[in-house]
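Here is what Swiss-Prot records for this protein:
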{"type": "BINDING", "residues": "Y15, G42, K109, Y132, N187, N292, R388", "note": "substrate binding site"}
{"type": "BINDING", "residues": "Y72, S108, K109, Y132, N187, Y218, S246, F247, S248, R257, N292", "note": "pyridoxal 5'-phosphate binding site"}
{"type": "MOD_RES", "residues": "K249", "note": "N6-(pyridoxal phosphate)lysine"}
Amino acid sequence: MALVNENYLKLPGSYLFSEIARRVNQFKKANPEADIIRLGIGDVTRPLVPAVVEAMKKAVDEMGRAETFRGYGPEQGYDFLIGQIIENDYKPRGIDLGMDEVFVSDGSKCDTANFQEILGIGNIVAVTDPVYPVYVDSNVMAGRSGAFNEKGQFDDIVYLPCTEANGMKPELPKTRVDMIYLCFPNNPTGMTLTKEELKQWVDYARENKSIILYDAAYEAFIQEAHIPRSIYEIEGAREVAVEFRSFSKTAGFTGTRCAFTVVPKEVMAYDREGRAYSLNGLWLRRQTTKFNGVSYPVQAAAAAIYTEAGKKQVKETIEYYMENARIIREGLVEAGYKVFGGVNAPYIWLKTPDNMSSWDFFDKLISVANVVGTPGAGFGASGEGYFRLTAFGTRENTVKALERIRTRM
């Protein structure tokens, strides 16, 4: 008799965005004429920039000629892309990385979910609340979560509330934790940490021999110079932090798939006798076993982001989305909503009016304004009573959606 992995049975009925899609489809079926504007799931609407498209076409042409064809590539990524990542994203900020400390992948969602595989099942996991669901669900699947309780949380996971009272910024755990998931700029709240605030987390991790799993997928959207773009700007972070980055939102790679993870050789985990093991080597071992690398045309396209033309074009795309964020944020404030985020991130986190639940606000928004967003409760218990809108729509739809919210809600 084949037994099921019972950890999967602890998961909520469906993934958040699958449930949203189900409800939207249900509404469309009942209202086929409705003009629905989607400001929910964080998919992009701007196309790949010309520099990226040209590089990908060139790479595809190379794959069609015997003398330039490439088969299996290195699991860790091609040196031409890794070198550009280090030279452009890290060196200008005074961060020195080795070529073997950067791992190219097909998405930061995959990496943030998979990285826990090389860490012990007995580790205590801490997540901010609200939180990107993947951090929690992947640890539930692995068996670190304990039971799902009546509060909508898992017994063995430490939740760090981000509330209006603490400015949507998590406080250090009261007890020791081993694995700390941080995402800044934050999904879903759109908030950021200063260097001083981030240093507290690095210091905590160093004191407790914890590991910070730092999701910096939205760093390219940071507008304020004093906000850190990498956790490695903080002294000592190389000893305790793994950083995840993505080209998905930065350069429109949601359908192309390319990201990278930085694992400094100094980051250690320990066995029961206290012997230290470098996570860099363990992650390499995991990747060479379970991952065949990102395709050559996609990596060539990603490298084009770092050309002079690519940088200029991607910057224009980011500015486009951040103008959308400004429109959403200012429009909601004018309409009387309490809002967070939208300054250094493409996400706007709003407080629902009149103590309305997140899902009730979702239903009202789609039925009255024909606008789709993401219920805060889907990101955790502390997200109840809040709602996320994204800046990844078209300008026309963003303006139209805010006008509907102002006049119909």
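Each position is counted from 1, following the chain as shown.
Note that Cβ sites are derived from N, Cα and C of the backbone, with glycine treated the same way.
Locations of recorded Swiss-Prot features on the structure.
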residue: G42; record: substrate binding site; Cβ within 10 Å: 21
residue: Y72; record: pyridoxal 5'-phosphate binding site; Cβ within 10 Å: 8
residue: K109; record: substrate binding site; Cβ within 10 Å: 19
residue: Y132; record: substrate binding site; Cβ within 10 Å: 23
residue: N187; record: substrate binding site; Cβ within 10 Å: 24
residue: S246; record: pyridoxal 5'-phosphate binding site; Cβ within 10 Å: 26
residue: S248; record: pyridoxal 5'-phosphate binding site; Cβ within 10 Å: 22
residue: K249; record: N6-(pyridoxal phosphate)lysine; Cβ within 10 Å: 25
residue: N292; record: substrate binding site; Cβ within 10 Å: 12
residue: R388; record: substrate binding site; Cβ within 10 Å: 27
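Only G42, from the binding-site residues G42, Y72, Y132, N292, place their Cα within 10 Å of the Cα belonging to K249 (N6-(pyridoxal phosphate)lysine). When secondary structure is read from DSSP and collapsed to three states, Y15 (substrate binding site) falls in the coil class. Counting only same-chain residues six or more apart in sequence, the Cβ atoms lying under 8 angstroms from the Cβ of Y15 (substrate binding site) belong to P133, D137. The separation of Y72 (pyridoxal 5'-phosphate binding site) from N292 (substrate binding site), Cα to Cα, is 7 Å. The two recorded residues, Y72 (pyridoxal 5'-phosphate binding site) and K109 (substrate binding site), have Cα atoms 23 Å apart.
Here S248 (pyridoxal 5'-phosphate binding site) is positioned 16 angstrom away from Y132 (substrate binding site), judged by their C-alpha atoms. Annotation note: S246 (pyridoxal 5'-phosphate binding site) sits in a strand segment as assigned by DSSP. Cα spacing between S248 (pyridoxal 5'-phosphate binding site) and G42 (substrate binding site): 10 Å, rounded to the nearest whole number. Rounded to the nearest whole angstrom, the C-alpha distance between S246 (pyridoxal 5'-phosphate binding site) and K109 (substrate binding site) is 9.
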